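Lifted from TrEMBL, the feature list:
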DOMAIN    35-177  domain 'Lactate/malate dehydrogenase N-terminal'
DOMAIN    179-342  domain 'Lactate/malate dehydrogenase C-terminal'
């Protein structure tokens, strides 16, 4: 039997910051109406993500879309006794209805990575899916904040940008590549080595969202622990290879779905808080950026009522991090260009 305390902590894990509204005596009715859409809701990430968004008190309407299987997921999730109304939509004919009036659209749609598959192997399948979903977003909810989870994120975010540009709806402040899982992993792995409570840990992660393009800035981690250089090197590699670690552990039966759903729910919660005017909401995300010479880059971003309020600088880097930054740039640029080329075919 699940203890009430456990349920409460589940609630608060997903929306720590929204609980301050309750503490101040506001009821959930006084928080704005917000519609969140999950595209790919019946998949491995989509199902736990849908559940976590149902637990978020900032969501008033939860729209679940997939090409198949959505009625069952929606019926199941709808029985959870939280604020949001849940509706399931199935098949391309219902995509428009699913999207209309959306404030935040989360896209975990696509196929997962299997053992031996690179993120590039995923490219042709997932790039096509993302292109068609973004075409619909530009038509039915052009002002929504778009949270891209579908891999390879280093290419799918540029694809989305190109689709929106063609439709005349592109706003760089409203398009995000979700790199939160890299931050979640970096925090977890760092806390283990630094012997500090993970809830107190913060580690910025910059660059992109695949392999060496993922660059955790352990020199900026808080609380600061003086870890040996070889430990930092190992932590960096483990953060970069976190996805592969899970793919191998699942032995051909899937990729990181549960931790990705958690990370996706955290980032969507941050977007909702920003939209609702909560001050100083800062998360790392892969966005259009002038922080480096690359057109898209992940770094800390301040979120607000228009999505991106400010893309923050990288801060001071260690020599090891500076080296990692220079190493990742060519690979990240090539993934970005690959996305742009695909979108314009």
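In case you wondered, yes, glycine gets a Cβ from its N, Cα and C as well.
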I'm checking region-level scores; what's the whole-number mean pLDDT for the domain 'Lactate/malate dehydrogenase N-terminal' (35-177)? 96
Under the DSSP assignment, what numbers of helix, strand and coil residues are found in the domain 'Lactate/malate dehydrogenase N-terminal' (35-177)? 62 helix, 28 strand, 53 coil
